[in-house]
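Per Swiss-Prot, Zn(2+) 1 binding site is recorded for 131, 135, 141, and the stated evidence type is sequence analysis. The annotation active site, proton acceptor is assigned in Swiss-Prot to 132. Residues or ranges marked as Zn(2+) 2 binding site by Swiss-Prot: 142, 147, 166.
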């Protein structure tokens, strides 16, 4: 029996409690999750935009894809940095094929000059990681209220959604998992 395998790769220091919550949430969908904390992968300086003081998410992900050697259904990179794509002021995450990167900087309360809140930060990170995993597994944005696959244009949008897939999105993942088990 083959489970869908997810690899989480940290590119910067991420608190262990956050990693544990990510694993717990994804495992609840029957996904096998591995963690690579000391990946020797990094954010390429060539992808840093010095005028914006942000990483170009497409350049970062293209670079990481080019040097990967992992055999997983979904590979998620985490960076406690700020990212953007052309046409947007920022992105929380970006997915290309089965690779995704999540930028954590704007998920922190401190970014908005508010008091640090590790619990809220953890919830936001889990939601955005789950969202990007959904994209790597073929899900698109969902309009079902509260679904983790809702598009988030702001941290308030992240706060409105839950850390779980709606029934329809969960069913799609279950169907994919059953298909992979038959291979």
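Glycine is treated like the rest: Cβ placed from N, Cα and C.
Mapped onto three states, the DSSP output places residue 131 (Zn(2+) 1 binding site) in helix. In sequence order, 76, 93, 94, 95, 100, 101, 102 are the residues near the residue listed as 'active site, proton acceptor', counting only same-chain partners six or more apart with C-beta under 8 A. Its Cβ placed at the centre, residue 141 (Zn(2+) 1 binding site) has 12 other Cβ atoms within 10 Å. Every protein chain considered, the tally of other Cβ atoms within 10 Å of the Cβ of residue 142 (Zn(2+) 2 binding site) stands at 20.
Distance noted between the C-alpha atoms of residue 142 (Zn(2+) 2 binding site) and residue 135 (Zn(2+) 1 binding site) is 11 Å.
Sequence-ordered, the extra residues of this chain that approach the Zn(2+) 1 site, with Cβ no more than 8 Å from the Cβ center of 131, 135, 141, are 95, 132, 134, 139, 140, 142, 148, 149, 151.
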